[in-house]
Amino acid sequence: MSVGRRRVKLLGILMMANVFIYLIVEVSKNSSQDKNGKGGVIIPKEKFWKPPSTPRAYWNREQEKLNRWYNPILNRVANQTGELATSPNTSHLSYCEPDSTVMTAVTDFNNLPDRFKDFLLYLRCRNYSLLIDQPKKCAKKPFLLLAIKSLIPHFARRQAIRESWGRETNVGNQTVVRVFLLGKTPPEDNHPDLSDMLKFESDKHQDILMWNYRDTFFNLSLKEVLFLRWVSTSCPDAEFVFKGDDDVFVNTHHILNYLNSLSKSKAKDLFIGDVIHNAGPHRDKKLKYYIPEVFYTGVYPPYAGGGGFLYSGPLALRLYSATSRVHLYPIDDVYTGMCLQKLGLVPEKHKGFRTFDIEEKNKKNICSYIDLMLVHSRKPQEMIDIWSQLQSPNLKC
């Protein structure tokens, strides 16, 4: 190779080396410039996310504290900012006394209806003992557990259910068992002392569950929690649960046929009923479901009307776990919807649940009940009559 060609080759190599060094220097300069400059990597000057502002309504405010406590990320942020230095009040898990702090924490507390004052004072209380238990009720794994909300004076309703749709049966390997859910009805609520009659009833039928708490409309959510606790300890192997009121008619045979048709995947998270969407609290003080703005604001999650709903046994256990992460709410079906929301589930609407009754013209037509699962409401004698007609071998629809 000639000297001239070697010089040209060497010059080319030196030029390429210079270009490479130039590129390295330029990249280094750009990376050392202000990251917030045009075209550069943007570094936020402050936190890009802030915890939501503190709600004004008492329930929302207390629930937000609970949400942060059970969320590891939010809990860490709250502790760093000093917003949540200690755990939430967990007295509802052990010790129960009136919570006098609500008198100052809830705006205009003294002007609230008495039922709301009582609810707020005992909002955190859940540790109520069983006065009447049925520890052997689920000795044989139930296929379907019927749980009926009732009050002590409703003897006729309970007996009508026993003689109709609530009969305990054992067909093949499928067992249907029944319990009635009761609390105490003290004299201050204008109830007579019916304890002797209740004891006789319980001894005879072995289907009463009764807890040591005041049985009121606003305490139905408490009844729900106590029942789910009982399921988790005394009936954890039930495959399915129907829970409803004592003034509904239930086509138990249709429910059993439906349950037997389900796939395993469908049955796992089953929760069906007459589902209500995009509802909110009533603000009319004259209404039974009145909720003041100082207590709760916002839209309710989807929920199944409290007349009755059907769900899987495994889901009942998960629901009980969720109840510890949701403060009690005065309306029990809404509360159940809140617990489902915690589990990431939405109740499914089923046309067989008619919690607002059927058309007047169809009430006397027994064929109208063939494909129904539940209809609200019916008197005790009507329950017996409808059930008897549905069992008739001569029924043709």
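The backbone N, Cα and C atoms fix where each Cβ goes, glycine too.
The feature N-linked glycosylation site is assigned by Swiss-Prot to N30, N79, N89, N127, N173, N219. The topological domain 'Cytoplasmic' annotation in Swiss-Prot covers 1-7 and rests on sequence analysis. What Swiss-Prot records for 29-325 is topological domain 'Lumenal', and it gives sequence analysis as the kind of evidence. What Swiss-Prot lists as transmembrane segment is 8-28, and the listing cites sequence analysis.
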Look up N127 (N-linked glycosylation site) in the DSSP assignment and report helix, strand or coil.
coil
Quick one: of N127, N173, N219, which of the glycosylation sites has the smallest count of other CB atoms within 10 A?
N173
Three states by DSSP: which one describes N219 (N-linked glycosylation site)?
helix
Can you tell me the CA-to-CA distance separating N219 (N-linked glycosylation site) and N173 (N-linked glycosylation site), as a whole number of Å?
36
Inter-residue C-alpha distance, N173 (N-linked glycosylation site) and N127 (N-linked glycosylation site) (nearest angstrom):
36
I'm checking region-level scores; what's the whole-number mean pLDDT for the topological domain 'Cytoplasmic' (1-7)?
61
